[in-house]
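Annotated features in TrEMBL:
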- 21-42: transmembrane segment (TRANSMEM)
- 31-474: domain 'Major facilitator superfamily (MFS) profile' (DOMAIN)
- 79-100: transmembrane segment (TRANSMEM)
- 112-133: transmembrane segment (TRANSMEM)
- 139-160: transmembrane segment (TRANSMEM)
- 172-190: transmembrane segment (TRANSMEM)
- 202-223: transmembrane segment (TRANSMEM)
- 288-309: transmembrane segment (TRANSMEM)
- 324-346: transmembrane segment (TRANSMEM)
- 353-375: transmembrane segment (TRANSMEM)
- 381-408: transmembrane segment (TRANSMEM)
- 420-441: transmembrane segment (TRANSMEM)
- 447-470: transmembrane segment (TRANSMEM)
- 502-529: region 'Disordered' (REGION)
- 510-521: compositional bias 'Polar residues' (COMPBIAS)
Amino acid sequence: MENKQQSNGEMKENKAVKKKTNWSGSLIVASLTGAFGSSFLYGYNLSVVNAPAAYIKKFYNETWERRYGFSVDKGTLTLLWSITVSIFAIGGLVGAIIVTPIVKFFGRKCTLLLNNVFAVAAALLMSLSLLAGSFEMLILGRIVMGVDAGISLSALPMYLSEISPKEIRGSLGQVTAIFICIGVFTGQVLGLPEIFGQESRWPYLFGAIIVPSLIQVLILPFLPESPRYLLLEKHNRSKAEKAFQTFLGKDDVSHEVEEVLAESRVQRNTKLVSILQLLRTRAVRWQVITVVITMGCYQLCGLNAIWYYTNNIFSEAGINRETIPYVTLSTGAVETLAAVFSGLVIERLGRRPLLIGGFGLMIVFFTVLTLSLTLQETVHWLPYLSIFCILAIIASFCIGPGGIPFVLTGEFFQQSQRPAAFMIAGTVNWLSNFAVGLLFPFIQSGLQTYCFLVFAAICLAGATYLFFVLPETKNKTFHEISQAFAKRNKVSLEMQEMNHYPGERKSSAEQESNFTSSVDNGETKKEIV
């Protein structure tokens, strides 16, 4: 009896120690540095063009007049500005498509570092465009910056999901969303008239992009590569163990190494799969569908429409136009606070409640906002209700739909499938982003304030699907998540394990022997060198 009590006491003590050591200093530095030079820049570039829009259009007009001797017509100017804003998404799509071979060859950390070449090149092109008198440089810089964002929004969640213990995988994954929100807020702050929101200073808004890139380049090289990448793809056990020790802050990482090796035995092969192979793999069919739907809803749920309407709604509420830029900061602040809140509670509440609940709250507030905007001329206090609805929609989005899709993409797929899965997720993300930018003006002009009901319907469809299909992935291994999907994929667990690589099956003993041999060879080569 005493031995049993002692054993239980030791288990509780071990659990307490484990919880304390989850967040190591290296893990925190890696996540913050990685996100600051990656998802932060994505958020920053979403908002940075809003404040200097009038000055940039004036620059376009003056450049056109200097070249051709007459002012640009209104239609052409609108087209040039639309291209400047929306071409960011085209660059993002290119980045999402090319990310798989890059992370395969260079690794997760090195991909984030090399990606800074695009960020610095884009910053130089955009910040020097006024001096050079070339609006083409600004447009080219936007597309190059889009490539940077497309790569980082796949490589960063991949890196974070692979370096974090499963107990805090969701919280660490939310760092991506938190820094997107901080980036948006920073763009709003730097765009104020007192800082860079002036005609002579707007190029500095784009030049500031270099700062996060330089910080990442200075710090990230001193942190390890993803231990899972080192072990499963590079077959270097010694380096993987050192990476685990650094990120977990402990010397004995045998359990973590064995857990990864157990996954490799389940997946039978560490060769990366292509997108076509992933799409044809029956064992992950519903995981792929779920990622496509969550990423599609992430962009199509109407947050971009909210940003479009914000200034008009604040104006209708009687707020002075000169004051609106400062009031708009409240939206960025609410967005950031909601994302931080989500990161703090995701490991307690889980992914399902936050994601479905976030979409559910957006449905409610979109409906109320539609009624408020439709009837605001009849009741004097309704514009203030509209302001509340805008802030509530932003908060609801950031609590769940704003970051969890990236977390789920990292959790659903095994090591060899993850790059292809992130390419699919990124492609859907950027195509949806481009579609919203292209179609929203037509939806808005046709439906006016009722356009928000379209977004409410998209949120309803997404929430309904997730309610019936999405299992809870909190604190679960890949193997356990696969089991949760096995019945819906109509495969037995044994069939699921054999079905990961159609047409490339070998016997279990042969695969395990090959894997062990490759790891040993990797270590032997290192010793010889």
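Note that Cβ sites are derived from N, Cα and C of the backbone, with glycine treated the same way.
In TrEMBL, annotation is done automatically, which means it is predicted and not curated.
Tertiary proximity for the transmembrane segment (202-223) is limited to same-chain residues at least six positions away from its ends with a CB under 8 Å from its CB atoms, namely 26, 29-30, 33-34, 36-38, 40-41, 44-45, 48, 51-52, 55-56, 109, 112-113, 116, 119-120, 122-124, 126-131, 138, 141, 145, 187, 190-191, 196, 246.
With a cut-off of 8 Å between Cβ atoms, the residues of this chain six or more beyond the transmembrane segment (139-160) that come close are 30-31, 34-35, 37-39, 41-42, 45, 80, 83-85, 87-99, 102-103, 108-109, 111-112, 115-116, 118-119, 121-126, 129, 172-173, 175-176, 206, 209, 226, 406-407, 409-410, 418-419, 422-423, 425-426, 429-430.
Count of Cβ pairs under 8 Å against the transmembrane segment (288-309): among 21-42, 79-100, 324-346, 381-408, the largest is for 381-408. The stretches the transmembrane segment (79-100) and the transmembrane segment (353-375) do not meet in space: the count of Cβ pairs below 8 angstroms, excluding pairs fewer than 6 apart in sequence, stays at fewer than three.
Tertiary proximity for the transmembrane segment (112-133) is limited to same-chain residues at least six positions away from its ends with a CB under 8 Å from its CB atoms, namely 34, 37-38, 41, 59, 63, 66, 95, 102, 106, 140-142, 144-145, 147-148, 151-152, 155-156, 159, 202-204, 206-210, 212-214, 216-217, 220-221. Residues 27, 31-32, 34-36, 38-48, 50-51, 153, 156-157, 160-161, 163-164, 196-197, 205, 208, 325, 328-329, 331-333, 335-336, 338-340, 342-343, 346, 398, 402-404, 406-407, 410 of the same chain lie 6 or more positions beyond the ends of the transmembrane segment (172-190) yet place their CB under 8 Å from a CB of it. When averaged over the domain 'Major facilitator superfamily (MFS) profile' (31-474), pLDDT in the model lands at 89.
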